[in-house]
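Here's the structure we're looking at; comments come further down.
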Amino acid sequence: MNALRGWLAALGSMLLASAAQLGMRWGMSRLPLPEAWAGQTPERAALLAVALAVAAYAASLLCWLAALRHLPLGRAYSLLSASYALVYLLAASLPAFDETFSTSKILGVGLVVLGVLTVNARRTAAAPAHHPSRKAP
């Protein structure tokens, strides 16, 4: 059950971090450049999107801490890599982001997904490896 909690927390962290990236991109693309902040009134929706994205990052961090409690770092961290693929696919699919698909980017996303699957593939039952910090019985 603890492993399931870890996987759910890692998935939550990945989804929240991805939403945060998209929200920040959308909001920041609608705000004026910092040097123009004094002379312009920022768009409220853009400010709200950035604020919600920061909150999503905070929630993502809490999920990440829960994931680390229950999963090995190597497995949990690979799911964060999947968020890069998810952000690209969503940004290229949604018209609000004006991103495009390309063969090289799709190949890169495929490699990231393949890496995540490889890291998280179940190992066959083998003799447990000796760990140098553990004493033999």
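Each residue, glycine too, has its Cβ placed from N, Cα and C.
Under the heading transmembrane segment, Swiss-Prot lists 4-24 (among others).
Confidence in the topological domain 'Periplasmic' (25-44), given as mean pLDDT, stands at 84. Annotation source Swiss-Prot lists topological domain 'Periplasmic' at 25-44, citing sequence analysis.
Annotation source Swiss-Prot lists transmembrane segment at 45-65 (among others), citing sequence analysis.
Feature annotation from Swiss-Prot assigns topological domain 'Cytoplasmic' to 66-76 (among others); the stated evidence is sequence analysis. Counting residues 6+ beyond its ends, the topological domain 'Cytoplasmic' (66-76) has Cβ neighbours under 8 Å at 2-3, 5-7, 9-10, 13, 119-120 in the same chain.
Annotated transmembrane segment per Swiss-Prot: 77-97 (among others), in sequence order. Beyond its flanks by at least six residues, the transmembrane segment (77-97) meets 10-11, 13-15, 17-18, 21-22, 25-26, 64, 67, 105, 109, 112-113, 115-116, 119-120 of its own chain at Cβ-Cβ distances under 8 Å.
Here Swiss-Prot flags 101-121 (among others) as transmembrane segment, drawing on sequence analysis. A Cβ distance under 8 Å defines the sequence-distant neighbours of the transmembrane segment (101-121), meaning residues of its chain 6+ beyond its ends; these are 74-75, 78-79, 81-82, 84-85, 88-89, 92.
Annotation source Swiss-Prot lists topological domain 'Cytoplasmic' at 122-137 (among others).
Across the topological domain 'Periplasmic' (25-44), DSSP assigns 8 helix, 0 strand, 12 coil.
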